[in-house]
């Protein structure tokens, strides 16, 4: 009846019917759910009274039962305990009856739990903090099956099972540890399994139906713990005594215990954020060496490893892996970094927070405070204004704006004179001229198209000082750094020196006009994006990107391809010429003609697909013919150039900690504030980064493969693979394991001193895998003799004889036969790039080692591999099995995977693999047509989003990295 009234929108009558049903049968929890749902928002106090009535009516008496408060006269019952006892006698044979402490079956425990949690939430919104705390505590006790009589006892149980010394006493004589138990996220996530006997299953939810109901109940329990901990945390911060645990104020250790349990039941960025806030408040010891708390997170100056601050940092970063756009995590991480003096890193975090939510007043104000501390008063004023617009009542933003508006200006002429005679004077002046050129183009655009001012005047080009000479070419070129074990500073200085040479030479060219190049008109409706490359031929870049230019949504992006080399008539060149909306053969053009054409085409964004590789025309970019210029796919590293605004990457290929601390790349004043020329840190990227949501790597295998490939079954694939194995290696035993590497041998020979055995797929590991061979390519042919000779010297004839070389095959054959390999061993110094994509397309597992945080070329295979794996736990575990963290792990992983593989020839006549490697191959096969790596259209759509955001920011005068 009530449901019928509700459907007819006769809510008052529905409410009365449900009330009558509950008074008659309090154990009818479905009616209670409907009624509470009806009352929740507008009559929350009435909803609380309904739940309290049900609790009182159904509660089973225990020696430790807490006395419930009085309820309104409309809900009086005569003998609720008698009703509960009667129900218990009638239903005691039902599974789990009464296990919640209420006279209901065990499979209903999730329902009573949800009602009590809802009661706590409503009481909290009504500012009844003590009542909310009691309700959340009751919800947790229901889920734990009344194994403890109070939250106080549960906290002590948690501390006893996770404490290194559970019996230690504090000053007050309790059994609580002397210091709060500081656990890193990976250990906190095991709390439930430690407290609840290995499985982590909550005793009170044992009888709840598996699937959705149990998942919801576990989530509700986690949220109750989170709410309870937050109440205690707020009370502790405010000095309030309203919140108590068994009549004692909750300490940091008690609150952390609740958070740990909550996090172990349900991973939550909000929980990670709250734990981070709490840990950041703990005073740092001089040193922490307990194995319970040490983690492998990178050390930041000002943070003691294993301390509360170090773990707060770990929780903030962990939370961001769960939700990369969690504005509070970015903001609080920024505040932590600012507090320890890492101002530039703090600014990066605040900028990311503002990207997540451009109206979050706290993040905007914190960012304004931080940039003001850096002397960027004008930027601070901008952020303060945005914060005040978002929340005019936010006093800190209003006061900050007032202070900033009254700040004295910066004497830039004095700063400019202070550069004199400094080692970096020339490079800083060059950067200043290039930044001013870019700013002038934007000013021209805004005057003409935004402010509608007179657009006929030209904007003069800033000139280089006459005494500034062109730097000489470095002996070591940027491409050489891929295979040389250099420091971050060495690598970035090599790239920067090349960039300076290109810039200073180009900016003195006679063909440059006296004014900056005119900006393009606004997109109408699409952005014009230019792609400049010498590799629009039979080249790996064309193999990977040949479909991209035609895949662009013409309503969003119009692609212009500028080929700087003549056509080789290959199918790749012909496809690009045919599918690109505009294709220009600029192979015979001078630099000034190409620049003028780019300007005439109205290019908004110009993409450098060469970087520092053979055939590059970087002088085109140094002339700055387009408002926004970026680089990707052609060169795996920093260009170190003012004429490159963005790199396309992901957090695996370019970890955020490797970015230049000073992220200001837009305004002229940033050049005066950036003091990083002489810094020794491991930062390397001066460009802003576009962080892709998946791998940044693009490939075309799904389009260029045989059209029937999609129809091949797993059984057919295994049969095809075994046949190819027999054709390639006819004398190889069935039980042999094929380890392989198809990289050019320069990636081996250049990385090793004095021999290849130190680095390139560890030949010595063949000693530990007696059934394995190592399959390499004659790439080049001279490498075979040297490698064989070295292998004999280091590992003996028997191992050297198990190194087998084959000739390089045509592209399609190469990709096809890659499936014969059981495990591809990547080169750590310079990873496989295109080869990695080829290998993974064949579903062959790839083992890699991202050796350096700061070398993109040594991290690309990890990025590509993650892109080939499915989302979710299976993909994450596979990544852990195939991405090593050290040289030792690399060798251990390879030996374990290889020795764990066996082949069994069944009735089908082909060898079926058994072991983890076989499982990984099947996983890659299953995700082949759905993973991010091979979804070129998705990659193009994401790229178009990045282009649109970069253009929006340029027009608005906003800088910073972009997170897709």
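Quick reminder: no glycine exception, Cβ is built from N, Cα and C everywhere.
A TrEMBL annotation is a machine prediction, not a hand-curated record.
Here's what TrEMBL has on this protein:
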- 473-659: domain 'O-GlcNAc transferase C-terminal' (DOMAIN)
- 731-943: domain 'O-GlcNAc transferase C-terminal' (DOMAIN)
- 327-360: repeat 'TPR' (REPEAT)
- 361-394: repeat 'TPR' (REPEAT)
Averaged pLDDT score, the repeat 'TPR' (361-394): 90
For the repeat 'TPR' (361-394), distant same-chain residues with Cβ under 8 A (at least six beyond the ends): 327, 330-331, 334-335, 338, 343-344, 346-347, 350-351, 353-354, 400-401, 404-405, 407, 409-410, 664, 667, 669-670, 673
DSSP-derived helix, strand and coil totals, residue by residue, for the repeat 'TPR' (361-394): 27 helix, 0 strand, 7 coil
Tally of DSSP helical, extended and coil residues in the repeat 'TPR' (327-360): 27 helix, 0 strand, 7 coil
